[in-house]
């Protein structure tokens, strides 16, 4: 069945199809054979991946920078009649620890609210343009962070940073999935998600250096300068098109073409050609429709469709099981990133706990993310194999982390904990592969957005305060860390259930209600551009 599905998903261009049916545009300027792909020779799938990796790195560099000592700083202190002025954001705005904690996670509000919105808009606005809009908001918001003058001004700017990041988080992975070679899809995803721990680490160093030498405001201004070219690229370059989405400039024509095609089928047996009259009648009817009523109907229709898409995702057992396991997994990872250094300092008296945990996370995050992608591609990238890798690596990695906290020796702890983190980070590519391939192509942005919202709301956002409550009750970091680590095992169990669920890779599934033959001819992945152009050129010569 797979070869047949792949055949149906690609445009069929033959000399007979050109000769039997004319291919003129329905209106001047509309090219029904356009690939929606830039014709510039420099733009290749690998360069698309490289651009997205740099953008992802900048997103997480910003998160690391605001948490660094050079940017975040510290409050002023007074001891023995001697007062020492504060440093960084916390010192300049005289923030208490609660306000400082809110500031570090304020971007999450914008991210969680805007992610589903951008994913829904992708059906009516070109997704590549939406990324350009999001990156522009991110650039402007980051620039304004450098000009902020009090707690509320910078908090609002941080929320807008999250809004800008939302479009990229929801839409970048589907673009990468479309243009990656079939045998390397998870490796490419692993490369993309490898930028998360790497970006955090670079952000710590960047924030410390720039904040310490030039001041924390310059750190934000320089981030805006670095992101600005990518925001411009999203507008000046001819937009790419996601698989499963019709080009926005052809949607009006699709409606007309559908009506015309139906009329042709009905009248073919009668020998009548009422195509021209139908076109005129259709356009005349559209011209007399009240614009306000049409606008309201469009908004209502989009909202109704959004709710239907949400319902479809929540009824998909594969998607739900995958996200539930991801929530439990992210609950532990989020608490590790916040409390890990403090726990290590308390249990093993690490003088440089920040450097130790940061170094382990960076190295294991990069190697683990890439390794998980390579391993799944080697096993054959299927949803069932992804669940096998997710459950096994989380189970063994969680066991190693649990055993590490039982060690009395600092070196034994670091060695076993590194192995554990290497294994648990191997889940990054497979878990997102499942999110992308368990749903039809047009639902991939919403799938990524809903997954992002769920793992933050139910995962890392509540985990840090809850672990703090447990520690306040127990007052023993070793016991608290062991309790936290055990949550890896329910995550592994949930993903283990996914192995036995009936799973179908829906990457090549096209909904007939959403994708017509015209959309198939106008939606070609970047990898297929040269093949399609060669095919069209050869067939034109035959004609």
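Keep in mind that glycine also has a Cβ here, set from the backbone N, Cα and C atoms.
Heads up, TrEMBL stuff is auto-annotated, nobody curated it.
Given the structure is predicted, the values throughout are model-derived calculations rather than measurements.
As stated in TrEMBL, the feature transmembrane segment covers range 128-149 out of the listed 128-149, 150-171, 238-259, 260-281. Per-stretch counts of Cβ pairs under 8 Å to the transmembrane segment (443-459) identify 413-436 as the leading one among 218-237, 356-377, 389-407, 413-436. Counting residues 6+ beyond its ends, the transmembrane segment (479-501) has Cβ neighbours under 8 Å at 317-318, 321-322, 324-326, 328-329, 331-332, 335-336, 339, 343, 347, 383-384, 387-388, 390-392, 394-395, 397-398, 401-402, 405-406, 424, 434, 463, 467, 470-471 in the same chain. Of the candidate ranges 187-206, 314-336, 389-407, 187-206 contributes the most Cβ pairs within a distance under 8 Å of the transmembrane segment (356-377).
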